[in-house]
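Reading through the structure tokens given below for one structure.
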């Protein structure tokens, strides 16, 4: 069997992407780490642990062998950000397109995912898919738009859009890979903060203010690293931020909500099968911002909460007591 597209990672998002990509009858190969997940997908057309609501299309084939993914022309990488290097390196990718669908910053190195991927697969053409997406809605065929940022420019975009676009899944072209990555990584951290506001029952005014001020932090950080303002105000930045900061369907938002209700980050994350990437991104992001002299008080507050260094109400009170200043400066 010949596969045009492969998806590496059978969590909720990876499975949803495989479901969307196979919606027109195309064959899609989906890699899962767990042998039981592979069996369930192939035999029962289900992925109970990660996307139980979906009846999976018959043209999805699951495998537990990374080597099966090596020669597929287009690979979508949907593994947790902290495992991207080891998984992509294990595939032994030689050329082809690699589309990064995980949002985060590598702990210990501070590298964005595209830099990690270039080291792990130096001959591959890298792109980033990012935007306002909930896995269950994509799997259900509801309309979705994303940014597809291509390091290879329009030539790569034309190749990938043919492979990825579907009637209900619309990718928009960009060549600002850095901007697309930063938007997704930072919004995960800000979603935790918005969840805290929900957990503390501070109201919609507070949430709207936090989204706006959080977006200012995203802009400051992104512009310092070379992102374009239009990218940050697009689907992969502001669009993703608004969605993720408004619903408990977001793993990061629900983590923050639990923190606001008094739970510890350690306890919440130990009880989950899925990953809230913002919890891993927050301390790395804060370190990078400090090193560049970038003010990100909301991100710093999230780190304080994740470390359990202060109660949620005290942390929020600290944000509210900061010196008054102008709204718009990005410095």
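From the backbone N, Cα and C atoms, a Cβ is placed for every residue, glycine too.
Long-range neighbours of residue 187 (active site, proton acceptor) (same chain, six or more residues apart, CB within less than 8 Å of its CB): 103, 214, 218, 237, 240, 241, 244, 245. DSSP gives residue 187 (active site, proton acceptor) a helix state. Swiss-Prot lists 187 with the feature active site, proton acceptor, giving sequence analysis as the kind of evidence.
What Swiss-Prot lists as NADPH binding site is 13, 33, 103, 135, 251, 275, 277, and the listing cites sequence analysis. Note: residue 251 (NADPH binding site) has non-local neighbours 272, 274, 275, 276, 277, i.e. same-chain residues 6+ apart with C-beta under 8 A of its own C-beta.
What Swiss-Prot lists as sn-glycerol 3-phosphate binding site is 103, 131, 133, 187, 240, 250, 251, 252, and the listing cites sequence analysis. In this structure, residue 240 (sn-glycerol 3-phosphate binding site) is part of a helix by DSSP.
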Of 131, 133, 250, 252, i.e. the binding-site residues, those within 10 Å of residue 13 (NADPH binding site) when Cα atoms are compared: 133
33, 103 as binding-site residues, winner by CB count within 10 A: 103
Cβ neighbours of residue 240 (sn-glycerol 3-phosphate binding site) where a neighbour is any other Cβ within 10 Å: 27
Candidates 133, 252, 277: member of the binding-site residues with the richest Cβ shell (10 Å): 252
